[in-house]
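K.L.:
Got a structure for you, written out below as structure tokens; questions coming shortly.
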Amino acid sequence: MMLTRLKANSEGKLAKQICKVVLDHFEKQYSRELGDAWSTTRDILTSPSCWQYAVLFNRFNYPFELEKDLHLKGYHTLFQGSLPYCPESVKCYLSRTPDRMPSERHQMGILKKYYLLNAASLLPVLALELRDGEKVLDLCAAPGGKSVALLQCAYPGYLHCNESDSLRSRWLRQTLESFIPQPVVNVIKVSELDGREMGDAQPEIFDKVLVDAPCSNDRSWLFSSDSQKAACRISQRRKLPLLQIELLRKQLLL
């Protein structure tokens with residue numbers, strides 16, 4: 001009973017934070033695009049307790065005790081044996097009930113044990129089928145979750161993590177510092193280039209390229225506390241499809 005009450009209070013508190021400007025925009029756009037499916041999508045989008053946060057273990061500082069604890073709490077492993085490519089070194093857990101692990105704080109010189117992410121974010125990483133020694137580019141890498149996931153799969157000969165936004169690039173660097181030890185970090189380069197120019201500047205260098213193109217990030221903006229910034233973001237997101245197409249086209253040259 002107490003758990004149910006706390007959950008209800010938490011949901012009510014979060015529900016009050018929904019930005020009406022953004023939700024009204026979504027109502028117009030997605031009811032037209034998704035039809036009847038929008039109702040279910042809307043319920044999940046507006047209910048943080050329904051969001052699925054997976055726990056990706058860091059093989060460079062493996063949390064054996066945490067693994068035991070998650071098993072006791074009913075967490076289950078994802079993907080193992082269900083996909084054509086999923087290395088044994090990739091350990092990702094998900095709760096069978098709404099739950100979220102606390103994030104670990106960044107501590108200089110201490111590797112974090114796990115990374116929280118949406119489990120679906122791992123699918124493009126696994127689809128890349130990275131092998132030891134390959135040269136790979138993570139084109140839009142911040143905040144760094146997919147770069148960390150790539151390094152759970154294999155030891156690349158060279159990993160280039162690019163992020164054009166300087167603030168997000170600092171976030172990316174901190175993420176890598178939190179999860180990746182020496183000497184693995186020696187094969188990683190971080191840059192702040194415009195991804196649309198990399199195909200011309202570095203043709204045929206990489207074996208594989210991961211393009212997690214900038215997206216609308218609807219879930220975050222729905223809970224924006226600044227209506228003016230949210231309205232500006234709604235205007236900006238209309239330009240995203242063109243940017244995504246340009247990024248994808250340019251990467252065909254790599």
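Glycine too: its Cβ is placed from the backbone N, Cα and C atoms.
No curator has checked TrEMBL annotations; they are predicted automatically.
Grabbed the feature section from TrEMBL, which reads as follows:
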type	residues	note
DOMAIN	45-254	domain 'SAM-dependent MTase RsmB/NOP-type'
BINDING	Cys140, Ala141, Ala142, Pro143, Gly144, Gly145, Lys146, Glu163, Asp194, Asp212	S-adenosyl-L-methionine binding site
K.L.:
Could you pull the average pLDDT for the domain 'SAM-dependent MTase RsmB/NOP-type' (45-254)?
P.N.:
88
K.L.:
For the binding-site residues Cys140, Ala142, which one has the sparsest Cβ surroundings, going by other Cβ atoms within 10 Å?
P.N.:
Cys140
K.L.:
By Cβ count within 10 Å, point out the most packed of the binding-site residues listed: Gly144, Lys146, Asp194.
P.N.:
Gly144
